[in-house]
Amino acid sequence: MAVSGFTLGTCILLLHISYVANYPNGKVTQSCHGMIPEHGHSPQSVPVHDISVSQMTFRPGDQIEVTLSGHPFKGFLLEARNAEDLNGPPVGSFTLIDSEVSQLLTCEDIQGSAVSHRSASKKTEVKVYWNAPSSAPNHTQFLVTVVEKYKVYWVKIPGPIISQPNAFPFTTPKATVVPLPTLPPASHLTKPFSASDCGNKKFCIRSPLNCDPEKEASCVFLSFTRDDQSVMVEMSGPSKGYLSFALSHDQWMGDDDAYLCIQEDQTVYIQPSHLMGRSHPVMDSRDTLEDMAWRLADGDMQCSFRRNITLPGVKNRFDLNTSYYIFLADGAANDGRIYKHSQQPLITYEKYDVTDSPKNIGGSHSVLLLKVHGALMFVAWMTTVSIGVLVARFFKPVWSKAFFLGKAAWFQVHRMLMFTTTALTCIAFVMPFIYRGGWSRHAGYHPYLGCIVMTLAVLQPLLAVFRPALHDPRRQMFNWTHWSMGTAARIIAVAAMFLGMDLPGLNLPDSQKTYAMIGFVAWHVGTEIVLEVHAYRLSRKVEILDDDRIQILQSFTAAETEGHAFKKAVLAIYVCGNVTFLIVFLSAISHL
């Protein structure tokens, strides 16, 4: 009992000192020292899992079977420590018995010095071998942290103490028990937040801009009200699991001061945290928050709290009297564990000091550079290139007269549109790199396809510069190469745009974007089919003389004149449709 008391006291004391992260894949090397999951909940105090060993004495080099068993659990972290210094480094190493269930970790630079789960699947028993090192202490104790589910876990459950032969009996120091930390109380809000003081007494961020949380259930609302040396924070909006905001020095996730309101059953937990890159938020102590309150009503979540403007000596909390970008995000939560936000967070357009003069501002779910990137690519590959292809394919006999520098009008129009496509593609191509500061590893296949499109878009005009003369034997090869590269570029560009529309950085409406793209592709293919059918029917009307089709196309028969007028009408309708689609698309992304 003395051993258990000492270990429990040590574990509770460590709750104030060291925190680690929990991962369903069990790769928790950074968790080795404290063995404490950062789940924002207090650990359970009465263990329901046991550690047993195959023998109670050992010599250096012995291999001892260790068994963890008990109620079904998802995760665990097992280590051996010097029983006289449980805060010291791990002792010895482990050998797996079932590599499908468990895996070895390297802790304190000792390979295989800890064992953890491989997945979050439920298990009731895990067996491993512990290998006693040559420098083993006289007494070694096994410790395990077990996670049953996100909010239910036990920290450093004490296992048996095994000893070397002829070692002095193990004595336990008097236990120093530290009481479990208590969470600050939270009260219930009685009514929705008010936007009436926004810009006068409150610094407010609202989406849509100027919405009212008292009247609109879809209003996402965040306000800051300064009161002497503290700030009252109010946040509300529709949510299926959690609402959160973060203060950031830049427009990227990482090294940010964040606050989450997490729904669990019919309760809301208000949790400070800090963000480290794109990984799961690291939960921090609630001791810095006061006057916490919450409310759930009709699918909306509200929470509020007060925090001092400055918190000297408190790690990860930013001073509120400094300018930051402000992020607003929401997402799903299950059993107290949050998941990645469902859409790109709303980000303010610039940095703000929330303790300065009250303001009423909005933000965007899409960054301006990415908006411009998407707009330019759509103009290039949905408008200019499409019209340019139709002109080259069907309008050679319509606009065959020399127009500029002795070149036919159709060729001049085609060349102008294709150079415009290449120029727009080059400009749009560099924008995501400027925004990301390099290559994005989170954009899937979209950037790879974009690089292919960019390469082909540059090669096409370079290839055209070396176009052979009309009657050169190599002209046929050029025509096929030019057509093949152009067609490939268009197909890959369309695929890239379909993938790009799903990326959170652009944040297009889910219910409209795919159908709009499919509709446009069908519009273009339909136009080509109409012109192909018309060209075929026209050729049947024109009398073939001496099998010389070029002479026939250059004649001015009544049927030919009628055909030219039809092509012009189809092109005019197609261009109007393209422009309409483009205006609708640009209008959609400009309001995101």
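Each Cβ is built from the backbone N, Cα and C atoms, and glycine gets one as well.
Per TrEMBL, the features are:
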| type | residues | note |
| --- | --- | --- |
| DOMAIN | 13-179 | domain 'Reelin' |
| DOMAIN | 216-331 | domain 'DOMON' |
| DOMAIN | 335-534 | domain 'Cytochrome b561' |
| SIGNAL | 1-22 | signal peptide |
| TRANSMEM | 375-395 | transmembrane segment |
| TRANSMEM | 416-435 | transmembrane segment |
| TRANSMEM | 447-466 | transmembrane segment |
| TRANSMEM | 487-508 | transmembrane segment |
| TRANSMEM | 514-531 | transmembrane segment |
| TRANSMEM | 569-589 | transmembrane segment |
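Here the transmembrane segment (375-395) has Cβ contacts under 8 Å with residues 410-411, 413-414, 417-418, 420-421, 424-425, 427-428, 431, 453, 486, 490, 493-494, 496-497, 500, 520, 524, 527-528, 531, 535, 567, 571, 574-575, 578-579, 581-582, 585-586, 589 of the same chain, all six or more residues outside its ends. For the domain 'DOMON' (216-331), the model's pLDDT averages out at 89. Shown for the domain 'DOMON' (216-331): DSSP residue counts in helix, strand and coil, namely 3 helix, 70 strand, 43 coil.
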